[in-house]
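TrEMBL has this to say about the protein:
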DOMAIN    22-356  domain 'Acyltransferase 3'
TRANSMEM  43-67  transmembrane segment
TRANSMEM  88-108  transmembrane segment
TRANSMEM  151-171  transmembrane segment
TRANSMEM  183-203  transmembrane segment
TRANSMEM  223-239  transmembrane segment
TRANSMEM  246-266  transmembrane segment
TRANSMEM  272-292  transmembrane segment
TRANSMEM  304-327  transmembrane segment
TRANSMEM  339-358  transmembrane segment
TRANSMEM  370-391  transmembrane segment
Amino acid sequence: MTTTVRPDETSETFGVFGYHPGLDGVRGMAMVIIFLFHAGSPIFPGAVLSLSLFFTLSGFLITRLLLDEGVRQSAIDLPRFWARRLRRLLPAALLGIVFVMVLSATVWNPDPNELRTDILASLGYGANWRFLLQGHSYVQLFQAPSPLLHYWSLAIEEQFYFLLPLLVWAIARRTNSPRGFRLTLRASLLIGIAISLVVTTVAAATGNTDFVYYSLPSRAGELLVGAVAATSLGVAQLARRPAPKWATLGGTLALIALIVLCATVTRTSPWLSWGGFVGFSVISSLLIVAVLPPGPLAKALSVWPLLMLGKISYGLYIYHWPVILWLTPERVGVGGAELILIQASVTLVLAIISYALVEQPVRRGRVLHGVAARFAAPVGIVAMALAGLLVTSTLSSPARLDFAAATSVNKIPVTLPALGETSVAFFGDSTALMTAAGFESWAATSPKISQGGGAAYYGCGIVRDGKARFAGRELTFEACRSLPEQWSQALTETKPQVAIIQVGPIEADDHLLPGDTQWRFLGDPVFDDYLARRMIEAVDVVIDHGAIPVWLKSPLIEPERSTLLPNDDPSGDPARMKRFNAILDSVAKRRPELKIVDLAAFVKRWPAGEFDAILRPDGVHFDPVVVTASVAPWLEAEVLKAAARKR
């Protein structure tokens, strides 16, 4: 599939583009933003826009490569063009899959069926459709993430790299003049942008935000905006002259806008789904064009660290996600900035090795010559597919935490304390049950504390009268026995020294109290007074049985990550949970025996804050494994302090 393109058909309009270090600087900056976000840093919650910048830059560069090939070769040789793309992209992609398979076999215990499908989808550059059809919401990025999840964006780019050359090839075959080629190409690209906007709008209007994020039709607009910028009159000439004032000013404003938006927008911001990505790609294209000519902006973005990171940005992207999933606080023993620095260092080393020993030798033709080069891609893909099947066949399905099953149990097992141990029991709703599951594993090995018994039930907090709007439906509490009766029975059976109470999500919903005709919630004086009385009732039950009540302040919850709650569930309103904790403080003043442990403040110190998906995968419940490794040691110390104050 080769079509002849007369030199004047492209050179007059486009020219031969060449290398521009400022673009590598843009790549390096974008990669830093993406890495920090994935590593759990709160600095750039809008890093999804940095990925959009990569899309637009890819659209710009792939179009320039196509047009430059027409200038140099007087023809566009599609098989040759696609082969060069594979030589550039496939080696690191295959190494990334090998890296994931090694970690899966030695460190992780992934679901073999899920991993097998992820590997095959990634090899076929269909990962975006795989995760879309799987129902893995992009806004739930950190919830049970696949180590190959980041391949979705590589898939979109590769699909675009296949289709755009076909479009350029077809237009070149059917136009007879430079002007006709230029106008037809630009018109086609603009039509593509319009179609992408329509697709995005329809998907957003129907609530299908995952389609907006994962599908090629919806993300193509960002790549096509870059392609339009690449075909603009004077781009090649601009790149060879000193930067005009408009380029420096416009590019600087675009850079500032990019950084501000990445620092303020979140991946759940509604406007992104309503054409926001395409709108942002206009800002991205302005920055891209502005760094082409030599000037202050290009110089600023060509500093050595950014330049170096930009050159190896593809490898950085390939390896950073599995490294982050591998080097967790539990495995490394540190968190925060120290952990991020370790993750970054390991990723950097892997990317440099990959770039120097594999990517560049293959790309430059220093290895895989002649016949070997032709068959390297299909052989490599088939080999990786077979390796993936082999590795996943040796893995056993992990024991998964079943929230529905776990929260439906009737009783927490009773464990009698050894002499000298402080005995504790958990009381509350499913959040208490999940925390208890992790704390029990810690207590089993601790010489200072023992845990067993208690009363923690799904949907049964301390508000058990009337109705609640929960998970988009009205909920009654018929399945919940009266709190005094239920807790008294558990306290009598277990006789703990400390009763740990954890509730909050149910209390943060809307409630219709008995005899009332108005739905009320935290912040309403009537409901606040009712909740305070229920808290005092719970504390008094514990005190009456001779135990020390220790109440955990509730962190904010994030309904967007829960499979049970709608994204706009009111329980996610920060003001409600803050009011809940304030009422708890007021109760502690009325009941001096009550000890408050600030769990909310503790999780805010977590690497990614209180919404760290490693800590609370569904945005509500703590992961028992993480509780055992990271929360229980702190909680044990707090409980022992409370017990000591009582004595």
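Glycine is treated like the rest: Cβ placed from N, Cα and C.
Annotations in TrEMBL come from automatic prediction, not curation.
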May I ask which of the stretches 43-67, 151-171, 304-327 has the most CB pairs under 8 A with the transmembrane segment (272-292)?
43-67
Could you pull out which residues elsewhere in the chain have a CB under 8 Å from any CB of the transmembrane segment (339-358), counting only those six or more residues past its ends?
35-36, 39-41, 91-92, 95, 99, 311-312, 315-316, 318-320, 323-324, 327, 329, 332, 607
Against the transmembrane segment (43-67), which of these stretches has the most C-beta pairs under 8 Å: 88-108, 151-171, 183-203, 246-266, 304-327?
246-266
Looking at the transmembrane segment (183-203) and the transmembrane segment (151-171), are there 3+ C-beta pairs under 8 A, with each pair at least 6 apart in sequence?
yes
Over the domain 'Acyltransferase 3' (22-356) the mean pLDDT stands at 87
